[in-house]
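According to Swiss-Prot, the features are:
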ACT_SITE  173  active site
ACT_SITE  200  active site
ACT_SITE  296  active site
DOMAIN    9-126  domain 'Response regulatory'
DOMAIN    161-354  domain 'CheB-type methylesterase'
MOD_RES   60  4-aspartylphosphate
């Protein structure tokens, strides 16, 4: 058993009795998990958190009396516990979920809008895996932490479109949205590279997330579209349910999207993006693997290093989930292991080194 020889206790919060039953059946089907209680709205959720002291809470976003966001604020302030949001596949649901991640939720699971029981059963493995990972999250990440982000007033002048000669390829999963929102404001407007970002998210959520990132960043951020030219000072977020790759067309780096089979159980996956970026940009590629479960991005790091690029991984102390960075580091192909707050400056330095024609070589530095 994962927690001192006992089962992981889960509180299920949803206004739909049917949804609560579906989630309870899924959770109780795993020998390491048990539902310790249930609640129909945010007010009941706060009472039940105090009563059954769960290890993890699954929290519906939209509920009567008190919604999931308001309940989350109270729970994180009074009884810090890992929370996984259960979100409807709507624009409102996606926007609220991004806010919830900023407020301290660890992760989210999309709630399909039709044929709920069939779709949720398909999500069984994902739900169980996310609950188990959430239960392991260190307590230092559990607090009400509305990320203080200022909406950036971007220069109104139209920036010239310059095809990127350097690519920064970033992979992130669980804990990624919160972490990326902290570092993207630090990238300079005149970054002489294009950023390619794969954040594991379903359709709809990536668009909301790209808009949120754009609102706090000096660089332009958008959800990637088929045929986008990768340009300097711009970031492209892989859309949910599509792999994002890079190819050369008429001498320019161009984004292509496809629905090839899932890799590591996800689509988009970071590996195909990073591998094709390395093929197109060669030694002018910077690879970054951030917080997340699994090992997506590790193969991408290997291919970037083989081409002579520069590779970076987030350290364990600042990773909400250390799975992906750990897998990347274990390849032996990571140049820099740095805390979250040092990622932007390390990326900027790497871009400067590439522009100057230098090479970092094997400088593995683990920052405590």
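Glycine is no exception: its Cβ is also placed from the backbone N, Cα and C atoms.
Quantities reported herein were computed from a predicted structural model and do not represent experimental measurements.
Distance from the CA of residue 200 (active site) to the CA of residue 296 (active site) is 10 Å. Distance between Cα atoms for residue 173 (active site) and residue 60 (4-aspartylphosphate): 21 Å, as a whole number. Under DSSP, the residue listed as '4-aspartylphosphate' is assigned to a strand (E or B) in the three-state scheme. Residue pair residue 200 (active site) / the residue listed as '4-aspartylphosphate' shows a Cα separation of 20 Å.
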